[in-house]
Amino acid sequence: MLLWTAVLLFVPCVGKTVWLYLQAWPNPVFEGDALTLRCQGLKNTPLSQVKFYRDGKFLHFSKKNQTLSMGAATVQSRGQYSCSGQVMYIPQTFTQTSETAMVQVQAPVSRPVLTLHHGPADPAVGDMVQLLCEAQRGSPPILYSFYLDEKIVGNHSAPCGGTTSLLFPVKSEQDAGNYSCEAENSVSRERSEPKKLSLKGSQVLSTPASNWLVPWLPASLLGLMVIAAALLIYLRSWRKAGPLPSQIPPTAPGGEQCPLYANVHHQKGKDEGVVYSVVHRTSKRSEARSAEFTVGRKFYHLCGGEMPAAQ
């Protein structure tokens, strides 16, 4: 009776004690690392008939080896791993299963691809537009963000990776422009190539107003040069035709004009001693201004018709 009591004292409490542990290393695991799984008993208790599982599915069996090499880790290596084995606890041998351990392989995201979905023609105000963004590679979760001309218009998290979308109605011409998307995880971040969304009958609002003036500048300058040349030719021909109207002596009041005589002495050849007279018509109002021309000459103002004698 005492012997049976002593044996019962050493029987383990199987239902409450965790006898197996699954370890995965390195931790964290990056893409390309050598992934190793180890099924270990409590206090290094010997194990046999070891089995490994991933996401509840059988993966590998070993009679005595407690370590499993998984090779180079990839994104597909992620999952919930567990192991089971026979625990040798003298004087008993019993089968135990470990708790699951999550293996998350960290991989950088690839450059995402953006796709625009709308009708066969350019959308108009009121139409629906769908943006699809997908990164082919990268450890989840992946955060996708959508941009219009470098301004964020929406984002969405993909816990398992894959594709995400953004659906919106076209409200105005401001919805036209260059769209892009960005994929980000715990390792890296990448931006897609931009895609242009044009609306039916819309114009590019972001074009500077000065751009349309540039082609017209040479023509405008040429036109100004032609006008200036024409004015110059007209003024030259006008000057050759006669004096300006302001240079014609005004008519005296009542129409009366006075002849202006000037004697010129010629000193050459046979005409020596001969006096020539030049007659100009002028008004009485110009008499006051005629004095400034009397230097070296003599002028006579005759209004009665008599001719002065030559001197």
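The backbone N, Cα and C atoms fix where each Cβ goes, glycine too.
No curator has checked TrEMBL annotations; they are predicted automatically.
Noted in TrEMBL for the protein shown:
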SIGNAL    1-15  signal peptide
DOMAIN    12-95  domain 'Ig-like'
DOMAIN    112-198  domain 'Ig-like'
TRANSMEM  212-235  transmembrane segment
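In the domain 'Ig-like' (112-198), the DSSP tally of helix, strand and coil residues is 3 helix, 48 strand, 36 coil. As a summary of secondary structure, the domain 'Ig-like' (12-95) carries 6 helix, 51 strand, 27 coil according to DSSP.
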